[in-house]
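Notes to accompany the following structure.
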Amino acid sequence: MTNVVVVGSQWGDEGKGKIVDWLSERADIVVRYQGGHNAGHTLVIDGTSYKLSLLPSGVVRPGKMAVIGNGVVVDPHALIAEIGRLEAQGVTVTPDNLRIADNATLILSLHRELDAMREDAASNSGTKIGTTRRGIGPAYEDKVGRRAIRVMDLADLDSLSGKVDRILTHHNALRRGLGVAEVSHQAIMDELTSVADRVLPFRDTVWLFLDKERRKGSRILFEGAQGTLLDIDHGTYPFVTSSNTVAGQAAAGSGMGPGSLGYILGITKAYTTRVGEGPFPTELKDAIGEFLGEKGHEFGVVTGRKRRCGWFDAALVRQSIATNGITGIALTKLDVLDGLEELKICVGYMLDGEQIDHLPASQGAQARVEPIYITLEGWKESTVGARSWADLPAQAIKYVRQVEELIGAPVALLSTSPERDDTILVTDPFED
């Protein structure tokens, strides 16, 4: 038995929600370790859809413990609203099935406002990143700047006032520079005191809780949000998120040691998508790109934004295999490729007349690369709902084998529809 870390191996939206839900049935604890409420996913259980963006997937399953780790930035209002939506669907959320790290950073209204002001200013100058305007980046900035308000601070109103003073010294200086009205001390105090009683019951010393559970032999599933190529260090900077999304963050963002992480499962879509700005070497701006977007329902859960679509990029996924230490992948949305006469896979790039096997880190070089493709024959038969290799067309199996060979990692799971049980299990990550 081992613990499992789930990471996205592309730009997010790889189908992590379904795979995490599939695995969470067998886990005891599901841990979120980075990001905020900027990356959503939909779980379908017994025909009911649950939309989550901050809460770990385990929260909708009876008998499971969901944990929000210290690496997550928590918007208390978004948290309360999400709990309310789940309770309206009959899901009970109490400290018996949800714990939040007492040292997790809080997202405040001033973070959301700063995020939006920056994006508006950047839109006018052509340097827009394409954030969700939810305050994620500014909250992480305050965390690194050592001025953040954390969950534990809600329990100590006597010292909270001084911490609010410190954060406002920074933010009001920024607001004056942007020509925006300053935020009052009382407004932030009111904002925090209004949510304290709803948030504090869930707080815990998460590293200690997880260590005790590990020693008891509990199965722990670490749930990543977004994807490797949005990692602040290893992604397509500056068009990235504000946290580390690679598997190593599961340790830092939860308080578990790296030796406890176990199997690293990379969720990998059978084609490529991206939301927002930034380089995308295999992007298809033609009828095939439209086909993938329509058939794959490529619209963001949180923002509703249309995703950009393109061919599978083996060179990028190879990089993700390396930077995460991925043990095996879960290949998702194979069924979206049904009916295409031919399929292409990017195996490398041409850059200024030279062939390279990885995407360079330089923004300028990323914009100049041209993908090198191999072409495979497609298949006409449907793969929707396949639950064994015998259910798959020969060409679909050939495509999967080609992907494995090109990325240098085996397929552990193969997903053939949004339904949880439409999954071909090759290797059980929990038993590896």
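Placement of Cβ uses the backbone N, Cα and C atoms for every residue, glycine included.
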Have a look through Thr2, Thr236, Thr241 and flag the one Swiss-Prot assigns to the IMP site that Asp13, Glu14, Gly15, Lys16, Asn38, Ala39, Gly40, His41, Thr132, Arg146, Gln226, Arg305 belong to.
Thr241
Through the lens of DSSP with three states only, how would you label His41 (active site, proton donor)?
strand
Would you count the other C-beta atoms found within 10 angstroms of the C-beta of Lys18 (GTP binding site) for me?
26
Please give me the recorded positions out of Asn38, Gly40, His41, Arg305, Arg307 that lie within 10 Å of Lys18 (GTP binding site), comparing Cα atoms only.
His41
Spatial neighbours of Gln226 (IMP binding site) among the recorded positions Gly12, Asp13, Gly304, Leu334, Thr416, defined as Cα within 10 A: which are they?
Gly12, Asp13
Lowest local Cβ density (other Cβ within 10 Å) among binding-site residues: Gly12, Gly15, Gly40, Gly304:
Gly304
Compared by Cα position, which of the binding-site residues Gly12, Gly304, Thr416 is the closest one to Thr132 (IMP binding site)?
Gly304
How many Å lie between the Cα of Leu334 (GTP binding site) and the Cα of Asp13 (active site, proton acceptor)?
14
